[in-house]
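Heads up: the structure comes next, in structure tokens.
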């Protein structure tokens, strides 16, 4: 029986579907998403869909409801079971399925969960996600007799991951899965890549008892840093909750941030793809874009968001893209989706074959002073108003000699450095950053941000740190 369904107004987001389980996101929502094969385009969707889920406590229930919805509209479902999101992406490509659907809360708090989707080879985002709400509200489905079966794709995924391991010497590596879906099974790199491995928190536990699985927050890397120091590791690798974002530590215990990793990868990729377009999001350090150009590549600044970067890669034929958040995408030898396990294999191979420590690769980039990604809570309406107000001053800023990029918020660059204000597409927050080569100039750029928008007195614009972040 087809019944109209209404989603909570907060769950249909720009890049995915997410909410608080039992409050804004329920099994009924998952089943409604499963009914996506609606009357308006039944011929556009082939019969097979891959479905997977992460290690959150609510994920099995949501996965079962999703499969129920897909089967109810006549689709054949390949259930890949528990594992990281990239394994679901791989299964969808490997089996040439019509779509892939992942139940995952990614790096959100334990009481959250969500749904990431791909249609064919591309991500589902923006208007496509909002369309799901319109379809469900009208009960605009087709009915049919579908089916489902279990698919064990893990061995094939691991084999394909390891095919691009081109290291020439063994390393000592610490791994922190954060009790997320990259632990236990398949856990390929931390058991199959040659070398010595130190494993942290690889038991999958949706309570996340040791630390939150977000390697872009430095406090979540404390245990990994300690393991690197204790065991004399060459590299420390951290994963987020569903294995599509990577964090890294060098042998000195320093964090190698997402944009620094992209610069390291770009040096390798551009050897086989000279002059290629390398994409990074608007939050990334200017040193990354300068380094890509120095290496002979074509740097392209683009909107933040894993779905948006994947789409831009496909449009431009880029072999590499990445975000400051640790979403990194290879399309030179890989499939163009964000896979932290694959990124780990490539990073280990680079350090091994170049016979250089990760710290030296990191230190090729110049020192800068910058803020981390700073978020200020504002209303949904106000966050866009602030950005529009700054955009309205673009002519004056350019007349003063600044370069203004409004591809995603407002990024203003002058002789001293740059500052950014953008509205988050997933939360009621404004995102701000500032970066310069000297502390004095950096203080001036921070003042520019404050002049254009007064942050709350309780949350001053943050102190800087050496090296890009």
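Cβ atoms are placed via backbone N, Cα and C, with glycine included.
According to Swiss-Prot, the residue from 106, 379, 394, 395 that belongs to the Mg(2+) site alongside 240, 242, 244 is 106. Here residue 242 (Mg(2+) binding site) is positioned 5 angstrom away from residue 106 (active site, phosphoserine intermediate), judged by their C-alpha atoms. Within 8 A of the CB centroid of the Mg(2+) site residues 106, 240, 242, 244, the other residues of that chain are 54, 84, 85, 104, 107, 180, 181, 213, 239, 241, 243, 245, 340.
Classification of residue 106 (active site, phosphoserine intermediate) by DSSP places it in coil, neither helical nor stranded. DSSP gives residue 240 (Mg(2+) binding site) a coil state; it is part of no helix or strand. With a 10 A radius on its CB, residue 244 (Mg(2+) binding site) counts 32 other CB atoms from all the protein chains.
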